[in-house]
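If you check TrEMBL, you get these features:
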| type | residues | note |
| --- | --- | --- |
| DOMAIN | 3-101 | domain 'SRCR' |
| DISULFID | C71-C81 | disulfide bond |
| DOMAIN | 106-207 | domain 'SRCR' |
| DISULFID | C132-C196 | disulfide bond |
| DISULFID | C145-C206 | disulfide bond |
| DISULFID | C176-C186 | disulfide bond |
| DOMAIN | 243-343 | domain 'SRCR' |
| DISULFID | C268-C332 | disulfide bond |
| DISULFID | C281-C342 | disulfide bond |
| DISULFID | C312-C322 | disulfide bond |
| DOMAIN | 348-448 | domain 'SRCR' |
| DISULFID | C373-C437 | disulfide bond |
| DISULFID | C386-C447 | disulfide bond |
| DISULFID | C417-C427 | disulfide bond |
| DOMAIN | 467-567 | domain 'SRCR' |
| DISULFID | C492-C556 | disulfide bond |
| DISULFID | C505-C566 | disulfide bond |
| TRANSMEM | 579-603 | transmembrane segment |
| REGION | 660-680 | region 'Disordered' |
Amino acid sequence: GFVRLAGGDGPCLGRVEVLSGKDWVPLSGGNFTLLTAQVICAELGCGKAVSFLGDMSIRESDRVWPKEFQCKGHEPRLQFCHSESCPGDACHRGAVQVFCSVYAEVRLMKNGISQCEGQVEMYISGQWKTLCASHWNMANANVVCQQLGCGVAVSTPKGAYSVEGGDKIWEARFHCSGAESFLWNCPVTALGIPSCTRGNTASVICSGNQTQVLPHCNDSVSEPSGSAASQESAATCSDRRQLRLVDGGGPCAGRVEILHQGSWGTICDDSWDLSDAHVVCRQLGCGEALNATVSAHFGEGSDPIWLDDLECTGKESHIWKCPSRGWGQHDCRHKEDAGVICSDFLKLRMVSEDQECAGWLEVFYNGTWGSVCRSPMADITLSIICRHLGCGDSGTFNFSIVPREGSRLWWVDQIQCRKTDSSLWQCPSDPWRRNSCSSQEEAYISCEGVRPRSCPTAAPCTDKEKLRLRGGDTECSGRVEVWHEGSWGTVCDDSWSLAEAEVVCQQLGCGSALEALQKAAFGPGNGSIWLDEVKCRGREPSLWACAADPWGQNNCKHEEDAGVRCSGIRRSPNLVRGIFSLSEMLCFILGALLFLVLVILVIQMYRWRAKLRALPSFEDVPNEAVYEEIDYLVATKEDLLGSTGALSDDSVTKLPYYTGDGEDNSDFQPTPGSRGELPRLGIGGRGLPFIEKYKVSILTCFLTSPTGYSRP
């Protein structure tokens with residue numbers, strides 16, 4: 001065609017571009033109106049234009065369409081609209097972005113007249129269809145009333161306005177929080193929705209006053225229990241509040257948040273369990289609760305914490321009707337925010353061992369992964385699937401893949417997407433069933449963004465997950481294989497030694513290397529030989545840190561595949577390194593030594609204090625003189641006799657008896673008849689002769705104190 005919407009989540013949202021020769025160029029946003037947007041959306045089969053955004057930045061090198069369109073809204077195509085050259089041949093440099101929606105037209109029908117109450121109908125695929133009452137709630141009804149300018153929703157009576165044409169029922173489910181201004185802003189789910197029973201149509205009664213707003217809820221003031229005013233106030237306040245799930249990847253999983261008194265707030269996880277989660281899931285039309293998450297599983301909120309210690313029975317219609325501490329009463333922080341995962345939570349993936357954006361298509365529903373059946377899937381369906389997964393704008397079936405073996409679920413079949421659908425969840429299909437098809441009909445899709453898997457698992461991986469041992473007799477022995485460019489390959493044994501084997505064993509958490517085996521000791525591998533001439537020092541954190549030839553370059557055969565045999569059994573990665581690292585071992589040893597030193601010091605201090613306490617017991621003990629005799633031969637008898645000053649008895653110095661009491665001994669007088677002899681002194685009960693003829697006895701006296709010190 002002549003016009004398209006580019007750069008959005010689908011063909012019905014994006015920047016307006018027109019075909020100029022062979023190139024697509026942006027349309028200028030100057031003088032662009034909603035009527036022009038309506039013509040574009042209608043031409044593309046995308047429903048109604050709901051909004052547009054001008055002055056979108058473009059690159060300086062991009063040229064813009066040199067004309068401006070001035071549509072009136074009824075033209076079948078953009079080319080039929082009146083156009084004029086840009087003023088001064090200088091078009092506005094900003095581009096324009098248009099949003100189309102198939103859910104733009106909604107009405108309430110009563111007795112064939114559109115007004116502010118009645119059966120909810122939407123204009124879809126060229127005809128008006130009623131909405132099913134299943135999972136229709138007050139939040140959805142409030143959005144409809146606001147969109148129609150009918151004030152706020154008063155009630156949602158099911159089937160009260162059912163009319164002929166009940167076979168034209170649109171079975172998609174809206175997941176409005178109530179804060180949206182238009183129904184097209186609400187998440188929509190159509191995949192797997194069961195058929196709606198005849199007459200079970202959604203209805204709404206609006207207040208009818210477009211300026212009316214619900215009164216502010218004052219929880220500090222309450223009417224007497226059971227009074228009409230109390231019941232009316234409770235109903236009004238209940239309708240005023242809104243509920244949503246945030247940061248869970250969809251409308252049926254996430255952190256629980258409540259809109260109360262104009263602010264969104266969280267719920268504390270104290271006493272949070274499945275009974276509480278059941279109320280949330282049912283209130284949001286998301287089935288039953290599969291998991292009641294705690295500890296801010298879906299991240300921490302930043303607004304008030306409204307409720308704590310909820311005690312739901314599981315049968316309440318609204319989460320705020322469960323017993324609790326009261327609004328705003330809690331002892332929590334946002335790290336305790338509660339969350340839920342409901343049975344209607346959906347997730348999509350492709351399963352492949354060696355590729356990304358290609359594989360068996362699987363959907364997560366009711367807490368379990370199951371296959372998607374392939375018939376029939378048009379190109380638009382494949383395109384939406386690939387865009388949903390971030391794998392490009394197109395895809396194809398791969399019929400050459402051998403069907404998978406084993407028993408599993410086949411969740412859904414007959415998926416028929418439309419260009420107005422921005423995700424797979426909006427595509428109509430058959431209802432959920434456990435056996436929607438056979439294993440021969442499973443969908444294996446290759447998107448245009450297919451590429452080798454960077455990890456052998458679907459989750460992000462480390463170097464440890466890219467290394468494995470195969471063919472050994474234990475999990476810590478075998479042929480070395482590495483993951484590269486989406487496939488497993490071997491390592492050539494050129495330059496393979498214990499240093500390389502040590503790195504492999506440590507990386508796998510298998511202890512130390514015992515052997516570095518060569519010549520395909522554990523059997524030859526298959527596929528690529530990814531590494532050759534690997535040279536490690538033995539201390540590298542992974543095999544990838546070692547020097548080697550470029551990936552895939554080698555002169556080897558699989559008969560030269562390298563292997564290892566490690567000392568231990570497989571442990572969690574870096575368990576030993578993490579617990580018994582060198583630095584931590586040194587800290588442990590030093591800490592033990594310091595502890596021993598401290599114990600020794602405490603013992604020594606205890607002994608010293610014990611000695612100090614014992615000192616007073618020695619204060620009254622008299623000092624004792626300790627004598628030591630030193631016999632010193634001054635001269636032989638002959639020398640003495642031959643000396644000019646021969647000794648005589650009178651010449652011998654009289655040595656007084658030293659008592660050791662510190663008193664002067666000058667008054668000492670020898671006893672009669674002693675004639676130069678000292679009395680025999682008794683020390684220790686023994687008699688000691690101190691003076692003999694021609695000898696001098698030199699006495700050394702030591703005074704011993706109780707502290708053990710001696711002085712001469």
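The backbone N, Cα and C atoms fix where each Cβ goes, and this holds for glycine too.
Rounded to a whole number, the C-alpha distance linking C492 (disulfide bond) with C145 (disulfide bond) is 72 angstrom.
If you take the C-beta of C281 (disulfide bond) and look for same-chain residues 6 or more apart in sequence within under 8 angstroms, you find C252, G287, E288, A289, V340, C342, S343, D344. Touching of the domain 'SRCR' (106-207) and the domain 'SRCR' (467-567) is ruled out by the presence of fewer than three CB pairs under 8 A, sequence neighbours closer than 6 excluded. In the structure shown, the C-beta of C492 has more C-beta neighbours within 10 angstroms than that of any other entry among the disulfide-bonded residues C322, C492.
Separating the Cα atoms of C427 (disulfide bond) and C332 (disulfide bond) is a whole-number distance of 41 Å. Cα to Cα, C81 (disulfide bond) and C417 (disulfide bond) are separated by 31 Å. Between the C-alpha atoms of C196 (disulfide bond) and C332 (disulfide bond), the distance comes to 43 Å. Each residue contributes its Cα atom, and for C268 (disulfide bond) and C505 (disulfide bond) these two points are 46 Å apart. With DSSP states grouped into helix (H, G, I), strand (E, B) and coil, the domain 'SRCR' (3-101) comes out at 16 helix, 45 strand, 38 coil. The two recorded residues C505 (disulfide bond) and C556 (disulfide bond) have their Cα atoms spaced 23 Å from each other. In the predicted model, the domain 'SRCR' (3-101) shows an average pLDDT of 84.
The Cβ of C71 has fewer other Cβ atoms within 10 Å than any other of the disulfide-bonded residues C71, C386.
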